[in-house]
């Protein structure tokens, strides 16, 4: 046989081969398959070109590997099919694992954000972005599900998680719709904070919503639908409910549901979704009354869409059918006549007069649609607020949070309206934040590792953000001015103002400002912005805005419009300004947190599995700024790993580090890279990590590792022999164990018989085992009656003899330890405290002190077994409210005094919180403990009566070191019943001793008049 060291080497090599064979590869292991399935981290690409980027993405997509990293950023490609990578088993695989230890996955990012939050106790956010249909909402759901399954679980926490998870179907019903690109497209931006306590439990949540696409309520393009909730109500609502709401079970009856000509979609089951939404509303605590009001509002919008107008002889709008209007009036709880006036007339105020100016049909339709959008938009905000109330955590202790930001990606359509302008402005701000945080994180890592920072060249899009949001000069400010300007302000006058203000801006161009070639691509009502992701042309038509409703009897509508002052002449902020303000607040929230990113890509426009549309992917890669991020990450050093991780993987490549490096990991890595021939400029040694500049250096190392691994694989035969030896030894051990077990089973079965061959070894083992256990658990004090080990039947008599001997020994040691000198010292201490101060002191001098006055209940001893008991005595405790007397026991331990009722601990008074002890100067036996009381919920001072007052207080002074805390008081002792509430104990003398509650609410104590004989000679 070879020596043990050689066997260890070969065994380690074989274990390595087994892991590879089982597919347990970490990120670097997959580098060997880079030609087949691509590279798991784009940072390790040889070339950082767009072509290399797309080629790697395509390789991975072809093998259903939809996730790839750029450093810690996760790129996700929508496969448009179900993949078996989201089950509970997968979640468990990624729990608590290093970020790069397993193949890229959304669970890896979610878990690392969670683990970092717990370790560093700081806040994080995960930004999920991409085009409609790229999988942002699904990614958000997967993260929520991961936290719901993997975080610690209790009944309360499960309720919170249920609410978080069930908020999704409600928000999707009211905020998602079918579009040309996606059958379940989020038409609003959502930021959700998940709150965690110090143990990592998910205990609450909060949602912020941004820019709901309210225009969809009144208009849908061909092939698109309105928000899901309308179709769910009409198709899935119960007959009685639809009857109450005046609705028919056919979406074709409603103008707001038929404009896209696709009310029924095969991939959407509105009836099943309706049941899910109703169940979810219950889980998030929206009661039946509010649920009915909510559905009433949804129905009122449908009725409002069916309101039609005719024209009179002067071209003014008239209502030709009041049926739909009456339904709107009833469902919203507003006056029908006022509603009709609001839809057909404009109210003009001139000083004290009001004039009604009739609308044209176009104006009336605009007013109707504006009302529908306002009602739906405010209701959506109300719904988000109610969800927040249901998830709110009212515990004031500090929480850490992980935020999920699911927000629309950069959008470029054939016609780009105001909504696309806001969405793309949002993406400009997030791109600015993204680059700032990425550069900041890179720079901080370099500084922490003491590596020289090399400046990175990147496009700073602040110039575009300022173009949109700068005060008094930005596009939003000019839009506000145009909305406020008196006179005939139009969309084209707005465009003229933009041309005047921004004519020389390099990122702004219009038909008037463009050169001849560019002018051909611009209409006269367009302007073009050069965003970080490319050029986008916006149409100015319809970029300016208006308001209606306040005195509704529908509780939700009334609450939604409660902040609107119908008499206010102040013009409300424009939508663009509101969005700008909310976006600035969001940016502040995100800047205060650690960032994680998920970039979602659509693989094709037709939503077909297995199709990789390279042109579409290239378009998204550009608009999401992925190449920009890759360049930032690749600047300087492409690869960095902690020393221990790097050494653990590559140590077989150097004889000095294999099989075990005995020194510091950093020194081992230095020896290893010198052996591998790394040149000085190819790597840097940081404080805790090695930094490698080029991917090719890493690839060469990885290839050498693969070759070494296969050479080590030749030792499989040695492993077989070694396992054979080990197996034979194991067989012998088991055969011996079987014999011993059989013998002991026989001994157990005959343990009650006289000693014989079958049970002699078993009985000897029982005796030895019992005596060993008894030796380690012998009682330490005479008062301890519970810890004596219960004996087996054969040792009952022996155990009782040993117990008596042990207790006699402890009593003897204790009695010998109490010297007359110690007893006299206690009496001297009593004299120093009470002599000449308390009238009953002389009578106590002749009474000897004892060690304890009561036997303590076994259950109480078990509860305070960890504290050393010093003294116990019976007392009468007086309640703080009413001063009712209660018989109690008082136990003094090394650290606290316990008030006991039978087998219950009623109060624990720490000596550190005992700020004073008061007694009267008379012959009574009343004692007052003054206790520090800062919280109103804490108990106040403790009032007791003790027959052995001098003995008890002397013992307490010695145990708690409170000699200076005892005060002898004349007349009255003030007591604090609870924080801020005081009372008193009053003392007087009489023929009979009494204790009772006086009329003034104080405790009155009458002390017996002492004998006039002076006993002071007893203490001489």
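All positions are counted from 1 along the displayed chain.
Cβ coordinates are placed from backbone N, Cα and C, and glycine is handled just like the others.
Note on TrEMBL: of 537-559, 560-582, 583-605, 606-628, the range annotated with the feature region 'Actin-binding' is 583-605.
Outside the region 'Actin-binding' (583-605) by six or more residues, the chain places 57, 61, 72-80, 106, 109, 112-113, 116, 122-131, 133-136, 139, 181, 191, 208, 210, 401, 403, 405, 409, 425-426, 429, 433-434, 437-438, 441, 611-613, 616-617, 620-621, 624, 626, 629 with a CB less than 8 A from a CB of the stretch. If you average pLDDT over the region 'Actin-binding' (583-605) in this model, you get 85. The number of other CB atoms found within 10 A of the CB of residue 134 (ATP binding site), across every protein chain shown, is 24.
Shown are the binding-site residues 132, 137; of these, the residue with the fewest other Cβ atoms within 10 Å is 132.
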